[in-house]
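A short worksheet on the structure shown next.
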Amino acid sequence: MPEVTLTTLNGLKAKGEKITMLTCYDATFAKAASQAGVEVLLVGDSLGMVLQGHDSTLPVTTAEMAYHTASVKRGNDGALILTDLPFMAHATPEQAFANSATLMQAGAHMVKIEGAAWLAETIRLLAERGVPVCAHMGLTPQTVNVLGGYKVQGRQEAQARQMRADAIALEQAGAAMLLLECVPSELAAEITNAVGIPVIGIGAGSATDGQVLVLHDMLGLSLSGRVPKFVKNFMQGQPDIHSALVAYVEAVKQVSFPGSEHGFSA
């Protein structure tokens, strides 16, 4: 696959072609996913749950994120690598910069930070210093204790209004991409149309500029046995993992995934 850059992703949004993203934590799956055509590999702090067996992402450290980023880099075949800043790794803008530098040196092309408009100062500082940022809004797993669990965000009109305003504010602060998780499909569509940067969705309907799933979920692997509504098992009917990865890419590109059954209403 030709090397994917931010320019590539902006071009895909401009021409209306969907962007494909999957989580990835090691060299073998990095090679498999990138060779299947997945454009963005997300080294997610979800590794705390799917690899380490924790019940949340909170125990994951920056050092662990750097380790897995370096592993993904070694297997990657042209995809853009996006790495999460883990819990409390961006408590201050300067701390965010120091930890982002660690992740970029390990092989990340961009970092992802969970939050809302209060992130503007941090995003501005990172962007000014050459660190591209993806802002993660909606259901933010690092604040699951404040949110009261893994619940859809933005169903109330006041909350939806605030999310729209926050998305615009973060773009103006320098965010290069947005990720919306567990947001009503209509709201996700409005935010996607309101900003000029790529918007990736998970449980946010089909109108976003692209889709992401946790690798283990889309391969039918689950420690807990609980499968989120927005997940589809792409291993079903496929002879091997490569075919499942290709099927995911094709489904996103053809907008046959996600279907209405994978999204949420207001």
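Note that Cβ sites are derived from N, Cα and C of the backbone, with glycine treated the same way.
Swiss-Prot annotations:
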BINDING   Asp45, Asp84, Glu114  Mg(2+) binding site
BINDING   Asp45, Ser46, Asp84, Lys112  3-methyl-2-oxobutanoate binding site
ACT_SITE  Glu181  active site, proton acceptor
Rounded to the nearest Å - Cα separation of Lys112 (3-methyl-2-oxobutanoate binding site) and Glu181 (active site, proton acceptor): 13
Near-site residues: 3-methyl-2-oxobutanoate, ref Asp45, Ser46, Asp84, Lys112, CB cutoff 8 A to centroid: Thr23, Leu42, Val43, Gly44, Leu47, Thr57, Val60, Met65, Thr83, Leu85, Pro86, Glu114, His136, Pro141
From Asp84, Glu114, Glu181: recorded positions whose CA lies within 10 A of Ser46 (3-methyl-2-oxobutanoate binding site): Asp84
Whole-number Å value for how far Asp84 (Mg(2+) binding site) lies from Glu181 (active site, proton acceptor) (Cα to Cα): 14
Ser46 (3-methyl-2-oxobutanoate binding site) - helix vs strand vs coil (DSSP): coil
Neighbour tally for Glu181 (active site, proton acceptor), based on other Cβ positions within 10 Å of its Cβ: 22
